[in-house]
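Contents: one structure, followed by commentary.
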Amino acid sequence: FDMAFAFGKKLWCVRKQLIIILTPFLLLPLIFALPAKEGKCLYVVLLMAVFWCTEALPLAVTALLPICLFPTLGVLPSKLVCPQYFLETNFLFLSGLVMASAIEEWNLHRRIALRVLKIVGVKPAWLVLGMMVTSSFLSMWLSNTATTAMMLPIANAILESLFGDLQTLKENCKLNREEEGNILLTATKCVFIRWEGLDSEKPEGQTLEEIRTESEYQLKVWKGFMICIPYAASIGGTATLTGTAPNLILAGQLKSYFPDCDVINFGSWFVFGFPLMLLFLVLGWIWISFLYGGLNTRLCVQKQDRRAEAEKQAKAIIDDDYKKLGSMKFSEGAILFFFILFAVLLFTRDPKFFQGWSVFFPKGYVSDAVTGVAIVSILFFFPSQKPSLKWWIDWHSPNTEYVPLLSWKKAQDCVPWNIILLLGGGFAMAKACEESGLATWIGNHMHPLVGVPPPVAVILITAFVATFTEFASNTATIIIFLPIIAELAKHGQVNPLYFMVPATVSCSFAFMLPVSTPPNSIAFASGHLLVKDMVKTGFVMNILGVLTVSLAINTWGAHIFSLSTIPEWAHLLNTSDSVTDLHNLTQLLDSTVKTSQNFSTFSFL
C-alpha cells in the first residue's frame, strides 16, 4: 500500500507531462474514424480542449498550436490561420486593456471606489451593495482580476474597523460556557469597538454566549464581504463588449461564420448587457446579504448601539482614505475625460436603435477597433501635467521631463498579452471548424436537440456552459462551444444569436469553485473563505444567472437583436457547404454537357 501511495504521488507530480505525452496518442483514432478533414480538425480541437482544461501547457501556448497543427495536418493553410491572431476584435480588446492600464496608473479606480462607498454608507447590507456596485462598474472597463485585487484591501480595512481582528473573531466563535473562567481577550477591537485595557475581562453587560453569537454574526458578514467582490467583478464584465474575453470571442466568431452580421457591437451589446448586469447584481446582493446576515432591521432603521459606534469608525476610515487622495489632479481629470470619451464614442458609433456617427464614413470602414485604438493612442502623447504658457516665457523655470499620461513600458507591463493570444487561438479554431466542415458535421449529429423548444434549449445551453466553465477557463469554454452552438441554431432554424448570446454570457458565471476564475482564487487566497462557502453561495448564484440570462434573451434581448426572425445574414452557407454545393453543381454541369454531346451526336447521325 505504501509503495502504491508513493507511486501515485510521483504520478501526480508529473501529471502535466503525462497529459502532454499521452493525450495526442489517445486521440489519434479520431483521425481515422471520421472523414479526413473533419477528423483532423476534431483531433486538434479536443487536444487543445484537454490542454486548456488541465492547463498542462500555459493557456497562451496552447492557443498557438493551431499555427503548427492545422497546416501540417492539411486542415487549413498557414496564410489563413495566422491572420486570425490579430483580427479587429483583438485590437478592440487591446484598446480596452490599454485604457485600463492608464486608469490604474493614475489611481482613478481607487477614487471611484471610495467615492461610491462614501455614498452608500457603512451598514453591512448597504456596504455589500456598495462593494458590488463598485466592483461591477470597474470590471466593465478593467480586468476582473485587477478589480478584485484592488477592492479586497479596501474591504479588509473597512472590516477591521467594524469587527476587529479576524483571528480574535474566530477564537470568540469557539467560546462556550465551560471556558468562561479562563477567557483571555486580546487588546484588539472586539464586538465592534475597541476595549482598551480589558485584557482579562469581558465587555461590560455581555455574557459569554452573547460574545460568541455576536462573533459568529460578524464572521458571517466578513465572509459575505469577501465573496461578493469576485462575484460582482465577474457579473460586471458581462455588461460591455470589452469587459471580458468571451464577449469579444462571440463578436469575432460571428464575423467568421456570418460575414454580413453587424448586429453585435459595443453599443448594441451594452443596451442588452447593462440591464442584465443590474438585474443579476440586485438578485445576487439580496442572496448574499440574506445568506450572510446583512439583511436586518438595521438596514433602514437607525439604532444607537455598539454597532453604530463601529459604523462611525468604518465611515471615518473611508473618509480618511478619500481625503488622502486629495483633490483631483490634472492627470486624473484627463484620464477621466478620455475614459468617458472612449465609452461614449464606442456606444454611439452604431447602436442600432438610433443612427450613430459612423454614417459620416463609408459603410464598413470604421469599426469599434478603429475607435478604441484612436482614443488610446492619444494617451501616449497627452501630457500628465497641466500645460503652462508661463513655462515658455520664463527662461529660468526648471526644464522638467515631459511625461505623457501613459508610457509604452507601462502598457507593455500591464497588458495581459497572453489573453490576446488566447483570443487569436479561439478565432483560428473557429475558422478551422468552419473551413473543414467539422461544425456542419457536428450539427448534423445534433438532431435530437433540434426538437427541443428554443426557450428550453436556451436554459439547457446556459446551464451546461455555466457548469462546464466551473472547471475550465471562460475563454477556453466559449471557444470550444460556440461553433457547436452556431450549428445547432442553424439546424434548428433559430436565429444564431438566440443561442450564442446566452452561452457567451453564462461563461462568466463561474461562482462555485476557487479555481473557476482568477477573482475567485484571489478571494479564496485571502484565507477568509472555505470551499464549502463558495459552493453553497455559488450554486444559487449559478441558478440565478441562468434564469436571468434566459429572461433577458426572451424579453429585451429579443427586441434588440431581432431574434423573432431569421435574418438574411444567417441564411448564408458556410464555406464547407459552399464547397459541397459547388462540387454537386460541377457534377451536374458535367452530366449535362455529356448529355448534350450525346444528343448532338444522335441528331447529326
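Note that Cβ sites are derived from N, Cα and C of the backbone, with glycine treated the same way.
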TrEMBL annotation (transmembrane segment) - matching range among 517-536, 537-556, 557-576: 537-556
Selected stretch (most C-beta pairs under 8 A with the transmembrane segment (537-556)) from 17-34, 263-288, 330-348, 360-382: 263-288
Contact check, the transmembrane segment (85-103) vs the transmembrane segment (17-34), 3+ Cβ pairs under 8 Å, seq sep 6+: no
Folded-back contacts onto the transmembrane segment (360-382), same chain, C-beta under 8 angstroms, at least six residues removed: 88-89, 91-92, 94-96, 98-99, 102, 241-242, 265-266, 334-335, 338, 341-342, 345-346, 349, 404-408
Other parts of the chain folded back onto the transmembrane segment (330-348), taken as Cβ under 8 Å at six or more residues beyond its ends: 95, 99, 102-103, 105-108, 111, 141, 241, 266-267, 270, 356-357, 368, 371-372, 375-376, 378-379, 382, 384-386, 405
Same-chain residues at least 6 beyond the ends of the transmembrane segment (41-65) whose Cβ lies under 8 Å from its Cβ atoms: 15-17, 19-20, 23-24, 27-28, 30-31, 34, 73, 75, 417-419, 421-422, 424-426, 429, 432-433, 436, 438, 471-473, 475-476, 479-480
